[in-house]
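K.L.:
What follows is a single structure, and I will ask about it in a moment.
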Amino acid sequence: MAAGPRTSMLLAFALLCLPWTQEVGAFPAMPLSSLFANAVLRAQHLHQLAADTYKEFERAYIPEGQRYSIQNAQAAFCFSETIPAPTGKDEAQQRSDVELLRFSLLLIQSWLGPVQFLSRVFTNSLVFGTSDRVYEKLKDLEEGIQALMRELEDGSPRAGQILKQTYDKFDTNMRSDDALLKNYGLLSCFKKDLHKAETYLRVMKCRRFVESSCAF
């Protein structure tokens, strides 16, 4: 009975270690189903990492009585709220795969700059020990999304057609209340944006490859 979950975990780990299809000379082309499975696993991992980091930051720096009011004030703070991206699964299902990939790429690229400051801000290795690897994980997911775009668009992704935007960098002055609130807001947006990217990828994967695990 224990073999099933263990096999699934080993398969998930193996997929996370797979290269993307850019190394054409060294590896054969990866099936589209594997590209989607790989991207979904990476997005899930990043979303969980973002959620855990947000929760630990909140626990360490934000008094419990202030959290709800601060979260409400930050509702319109995220850049992703200013673009016509789907806000949930139902809306995502109304968009084409190419549209969803472009929105996913935009969300990922908007964080490539800011997350490079994570390891400077969150120096507690017990709480934020993986923060210095977030950039590499985002770059890896970016490559995976671009590989999917090449497959579905039958050519190179037209990145120039996407309005590129980025968030402010994280503030390293953790003794300032303003800096704490800014970083809290950024982490909230990071978690929200990674959840959107994960949702888009899962919607695409499920409608292309019917699975029993599509409910989410």
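Heads up, the Cβ atoms here are built off N, Cα and C, so glycines get one too.
What Swiss-Prot records for this protein is below:
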BINDING   His45, Glu198  Zn(2+) binding site
DISULFID  Cys78-Cys189  disulfide bond
DISULFID  Cys206-Cys214  disulfide bond
MOD_RES   Ser131  phosphoserine
SIGNAL    1-26  signal peptide
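Relative to the rest of the structure, where do these features sit?
P.N.:
Look at Glu198 (Zn(2+) binding site): DSSP puts it in a helix. In sequence order, Val40, Ala43, Gln44, Leu46, His47 are the residues near Glu198 (Zn(2+) binding site), counting only same-chain partners six or more apart with C-beta under 8 A.
The 10 Å shell around the Cβ of Cys189 (disulfide bond) contains 23 further Cβ atoms across the protein chains shown. DSSP gives Cys189 (disulfide bond) a helix state.
A C-beta separation below 8 Å, combined with a sequence spacing of at least six in one chain, links Cys214 (disulfide bond) to Arg202, Cys206.
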K.L.:
When neighbour density is defined as the number of other C-beta atoms within 10 angstroms of a residue's C-beta, which of the disulfide-bonded residues Cys78, Cys206 has the lowest density?
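P.N.:
Ranked by other Cβ atoms within 10 Å, the disulfide-bonded residues Cys78, Cys206 bottom out at Cys206.
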